[in-house]
Amino acid sequence: MYKMQLLSCIALTLVLVANSAPITSSSTKETEQQMEQLLLDLQLLLNGVNNYENPQLSRMLTFKFYTPKKATEFTHLQCLAEELKNLEEVLGLPQSKNVHLTDTKELISNMNVTLLKLKGSETSYNCEYDDETATITEFLNKWITFCQSIFSTLT
């Protein structure tokens, strides 16, 4: 009788230990690669926006984006994911005129996939946004800084 309860207790303990185990090195390496890809995509977008040949930059700067009050953890990636649709719309404005932003849809799609891998499918995190909005360049710079910070803790 007690043997079955003891075995159940041991099984539950093993499940708890396995679920709370630290990330394996292969998972860490994969996370590093995903963060690096997200960082590169953000930098590519920023370079396209800041390109001196971008005739729509002044128009793009009128659009405002929300940024989290304090982005320091992976859960904050949900905030970036929520703003990607707006980012895609703003970047789509000059698409035919700016060679550097022609692959916007593909970049945003790649970022969505990468974000899903990094943050998982859970969307229960509610972002606390800063009271002040940011321009497109401020928005991209803030997320680039966030990715660099997270990436440095992983390496």
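Every residue, even glycine, has its Cβ placed from backbone N, Cα and C.
Keep in mind that this is a model prediction, so the values were computed, not measured.
Matching Swiss-Prot disulfide entries to the candidates C79, C147 identifies the partner of C127 as C79.
Taking the Cβ of C127 (disulfide bond) as reference, residues of its chain lying under 8 Å away and at least six apart in sequence are, in sequence order, Y66, P68, H76, Q78, C79, E82. Annotation note: C127 (disulfide bond) sits in a coil segment as assigned by DSSP.
Cβ neighbour count for N112 (N-linked glycosylation site) (all protein chains, 10 Å cutoff from its Cβ): 15.
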